[in-house]
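Next up is a structure, given as structure tokens.
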Amino acid sequence: MPNASARLKHGRRTRRRRREDPARNELVSSSLESAQQCLFNQDYGTAFVHYLLVLNLAPMFKDFARESFRFTLFKWTEELDSVGRIQDLFDCYEQALELFPADEVILNSMGEHLFRMGFRDEAAGHFHKALKLRPDYPEARENFYRVANWLVERWHFLMLNDHGRNRKYQQAIQKAVQSGCNTVLDIGTGTGILGMCAKKAGAAEVYACELSKTMYELACEVVTANGMDGSIKILHMKSLEMEVPKDIPHRVSLVVTETVDAGLFGEGIIESLIHAWHHLLLPPQRGENEFQEPSATGRVIPAGATVFGMALESLEIRRHHRLCVSEVGSLSIAAAGELRSPVSCSPEPDDSMEPYTTERLSRLPGGYKPLTEPFTALNIDFNNVQELEGLSSREVQQIRLPVTQEGELDALAVWFQLHLDEESSLSTGPQEDTCWEQAIYPVHSTNGFVLKPQDELLVEVSCRDAFLRLCSVAVLRDGHEIRLDKRLDLQDSGNPIPNPNPNTEAELCSALACLQTDQNPTKDFCMLECSEMALLNNNDYHQSFCSALAKLFSQLKVKCQNKERGSGVQSGPTDSADSSDLLYVLDVSEGFSLLSLIAASNGHVKAYSSVEKTKQQEVLKRLARSNNVPEQHLEFWLNHTEDEQGMLKRPSREKLWSAIMLDCVETCGLIRQKLMEKASLKCSITLVYFALCLLEDGGQIFPAKIVVHGMLVESDTLLLESAVQGQEPTLGFNIAPFINQFTVPVHVFLDFSTLECRHLSDSVELFVLDLMDSTANYTNREVTVQATSAGRLTAIPFWYHIYLDQEISVSTLSQNSHWKQAAVVLQQPLEVRARDRVHLAVKLHKSAISISAHIQNTPGQMEQ
Ligand code: 44T
């Protein structure tokens with residue numbers, strides 16, 4: 001072993017040299033001492049510099065000093081963060097990683113900073129690296145799961161699992177290449193699949209571009225794994241930035257792309273194709289090029305599309321986009337003014353607005369009722385650049401649709417047929433069994449107007465900012481035109497609410513008059529997220545808070561009176577305005593919440609709201625006024641304090657909070673992050689514990705308890721959304737192992753009520769979070785569930801029963817809930833038989849739930 005002895009000698013030499021350098025040794029030991037002293041004095045910046053010096057001069061101390069170095073780094077960078085010295089912060093991490101390039105804790109922590117600063121791709125890279133270094137590192141795993149959804153959206157799995165779609169694209173590409181289109185560009189390549197199809201079909205040159213860094217890197221890995229790295233050139237860029245000959249040597253004869261979303265144009269296919277026709281594609285096979293070879297002309301797959309629309313009624317859509325109630329809890333909300341969801345095709349486009357949202361109509365809770373037949377909204381030829389360019393300037397098209405069923409107009413739904421070539425097409429329609437959702441254009445202002453079969457609905461179709469826009473503008477009934485697109489402000493105009501279902505001509509005229517006396521159509525409105533709108537419409541939720549708060553307040557008053565009686569103090573009259581009688585309530589819900597106002601409307605309560613947006617604060621103030629809540633009894637907490645820690649501290653110290661309301665469950669179906677974990681790095685306790693410390697004697701946190709429920713199910717749908725399924729290669733390519741690295745075990749935003757699945761057990765209690773007991777140990781729980789029928793256990797959907805107090809609870813699974821559900825998808829499906837006892841290990845780490853399952857066979861069962 002000649003090399004070993006050489007290494008030994010070399011090692012000995014360097015060691016001897018080090019030991020022989022007394023000045024250096026002196027510097028190292030005094031710096032190490034200073035570092036420790038500074039650390040003790042909490043002078044982290046200086047400690048960090050000393051450690052850097054020590055470890056650079058004497059790397060042998062690395063193992064010894066690793067823990068203290070990490071601690072110093074985290075403390076110092078926290079300080080830098082708090083004063084906004086972001087560049088310095090990242091410099092420190094760079095220096096730390098030079099010393100410890102494979103330290104998963106430092107990598108993970110740097111990832112967290114990057115994520116907070118909005119560098120998601122870079123953050124993900126750090127989490128991924130940390131996880132590769134230590135696969136059982138829970139912090140890095142959770143962080144990675146959190147970013148994986150952003151980096152590789154879940155629909156990639158659905159699309160790759162949609163064999164029909166894959167095959168049709170492959171056949172169309174193969175036909176085009178074999179007919180002579182031998183230079184190909186795949187725009188928005190994703191995993192590289194369409195580019196690889198072109199190569200496999202025999203294309204001489206294949207280029208691909210992808211704007212997402214993660215997807216680009218994934219495509220490179222996949223293409224290499226399939227032995228095509230030399231033959232497909234992948235570019236990390238948006239197609240609009242590509243140039244000939246800088247990025248590709250010459251124009252191509254075929255562009256393949258699937259850069260379409262549920263509303264067809266949302267991924268920018270119109271601009272991409274206009275740009276491609278001008279800069280990247282050979283001239284089209286038309287006019288003087290009609291008899292040219294396919295290799296000398298350009299074409300696009302898909303060749304074009306037909307867009308369909310349909311009007312529908314759906315309570316589920318309605319409650320997410322319009323206010324459907326006039327009372328919330330004990331409050332009248334008539335004075336709220338116009339509240340809107342951010343999904344609107346309004347004539348004044350606004351960056352905060354989306355023209356449509358998406359739903360899979362076949363899975364819409366409560367279903368939907370079609371009010372018209374499907375109609376053709378648009379036909380577009382992707383091989384005609386003039387047509388693409390003319391789209392934005394095209395006149396607004398008006399379509400008259402006969403109403404086929406009676407119902408309230410809640411939305412226009414849109415889907416399309418993608419014509420891959422003359423013979424083959426894909427449909428994203430609601431009846432098809434595909435991976436596609438439909439685009440939903442919600443209707444905001446019908447005020448209960450009911451469409452009837454003899455009516456005609458007037459719909460406008462236009463294309464502005466390269467988005468397809470659909471708007472139902474009027475109803476034609478008995479020769480009258482009733483406008484639907486004007487905003488109403490019935491409070492201000494003083495008009496009565498129009499009869500929602502006018503039958504006689506007189507009623508119709510009065511409805512018309514009401515609808516048309518809108519004096520102020522551009523009056524401003526307050527925007528609420530769809531989930532906030534659904535929450536406002538959820539009367540059960542507010543009623544539960546109303547009752548629980550009233551109960552608490554009366555208990556506290558009795559207690560207070562008893563105390564006063566005991567101490568001989570004369571209690572004042574109950575309606576005294578003395579502020580010392582006031583109970584203090586804090587609502588720390590995120591987003592728009594009426595809970596503070598509900599509390600304040602109890603009288604003798606001063607409530608603090610966490611609503612941040614000025615317009616939303618104005619709505620609350622308006623509602624306070626109209627519900628006779630004194631102005632000084634409603635305050636906006638975040639107007640007073642900037643820092644997160646101060647959030648729960650009361651302004652006047654002598655009194656403690658009587659109630660603190662936390663919204664513990666996020667709309668997506670997960671426990672709110674930070675609820676059970678440290679409120680911030682500086683603070684070593686949980687938000688709940690913090691809140692508990694601030695309660696007065698007898699005061700309460702709402703909710704007091706959360707019970708997590710779950711169920712064993714067999715659901716192929718969930719599997720299709722979580723990973724590329726099956727052992728078979730996708731179209732003959734090896735893709736699954738690469739994209740499946742981005743599989744996450746917890747699915748969010750589920751509708752359990754419409755999820756296609758087989759129930760394999762009854763619902764079972766998985767976990768209890770007692771928020772009033774800060775000492776409870778939440779980490780692990782073992783639960784045994786008996787299977788009620790045989791099947792393949794693939795997932796465990798879960799939801800919450802939120803107990804405001806002992807008796808009053810709300811369920812996140814209820815029909816009018818603004819919450820969705822989540823599910824743990826098992827890594828390996830488990831075959832279960834009826835009556836098998838399935839053993840679940842449920843873990844709650846920070847706020848994240850994980851579940852593993854195995855079958856616990858009793859000896860008796862084994863014999864069966
Ligand atoms: N999702 C549909 C939309 N790109 C598909 O970065 C259907 C949603 C969907 N790259 C449920 C089900 C479904 N130049 O990776 C993306 C994107 C990239 C570009 C370079 C460009 N000009 C673009 C434009 C987009 O293309 C990839 C595919 S976009 C497909 C969108 C399954 N929820």
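Just so it is clear, glycine is given a Cβ too, placed from its N, Cα and C backbone atoms.
Unlike curated entries, TrEMBL annotations are predicted automatically.
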Can you say which of 1-28, 421-448 is given as region 'Disordered' in TrEMBL?
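In TrEMBL, the region 'Disordered' feature sits at 1-28.
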Tell me the residue counts in helix, strand and coil for the repeat 'TPR' (104-137), as DSSP assigns them.
27 helix, 0 strand, 7 coil
Could you tell me the mean pLDDT over the domain 'Protein arginine N-methyltransferase' (757-850), as a whole number?
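The predicted confidence over the domain 'Protein arginine N-methyltransferase' (757-850), as a mean pLDDT, is 92.
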How many of the residues that make up the domain 'Protein arginine N-methyltransferase' (757-850) does DSSP mark as helix, as strand and as coil?
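The composition, in the requested order, is 0 helix, 56 strand, 38 coil.
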